[in-house]
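Feature annotations, courtesy of TrEMBL:
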{"type": "TRANSMEM", "residues": "6-27", "note": "transmembrane segment"}
{"type": "TRANSMEM", "residues": "39-67", "note": "transmembrane segment"}
{"type": "TRANSMEM", "residues": "87-113", "note": "transmembrane segment"}
{"type": "TRANSMEM", "residues": "125-148", "note": "transmembrane segment"}
{"type": "TRANSMEM", "residues": "160-183", "note": "transmembrane segment"}
{"type": "TRANSMEM", "residues": "195-218", "note": "transmembrane segment"}
{"type": "TRANSMEM", "residues": "230-250", "note": "transmembrane segment"}
């Protein structure tokens, strides 16, 4: 597929679509709609956070494999597929998943955490998911342009985007939603207890890391083989269980938001 300005715009729009669809879904779940300017701002900063994550991830990869640092970032990341299992696991959990969960959290921390409109427990989860969708949008646009640059056909690009809509993009909303729940419990308390964020980030990192590992193994396994089927089912199970858990957490935060009125004091929220 030849890339010119018009095709680039089309590809960019295609890459944004999975995030836009999920964004519409999650905003529909918000009983009290958030200001559009904040939604857009958090989404954009979430996009920026993806570039920060990429830089950090490549630096961690170079720390693990200093001999590969003269190569391109893509070659450095590919070289990590050949490392020992403990190093492979460390990089997936801490060099990718943990970094991405932290930068998405920081996108919310620096944009809306001290805003007056951040005044309900459910807001923490909604804004974390918005930041995650901005992050995923950059990943999707990058993937689409990579495929187009390697002359992938339109139907192949559409197929990959569909898989990322149901997989990676959805996964980002689930893991960030878990961090959002922990943020809500930490921020909307009598005092600011940000130590409560630790279990949320830990669980999100675990889910995110497992997803990356399962997808990575599936991609390297023969289609239809026993290993492929096992890890493909594992991906589906991980997403379904995580989605069910997030649904329960969303309902809990909705109840807290309905039954309490909070005022944002900057470092925490207090009941009015």
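Here the Cβ of each residue, glycine as well, is placed from N, Cα and C on the backbone.
For the transmembrane segment (6-27), the most Cβ-contacting stretch among 39-67, 87-113, 125-148, 195-218, 230-250 is 125-148 (pairs under 8 Å). The list of residues near the transmembrane segment (195-218) in space but at least 6 beyond its ends in sequence, with Cβ under 8 angstroms from a Cβ of it, reads 81, 88-89, 92-94, 96-98, 100-102, 105, 167-168, 171, 174-176, 178-183, 185-186, 189, 227-228, 231-232, 234-235, 238-239, 242.
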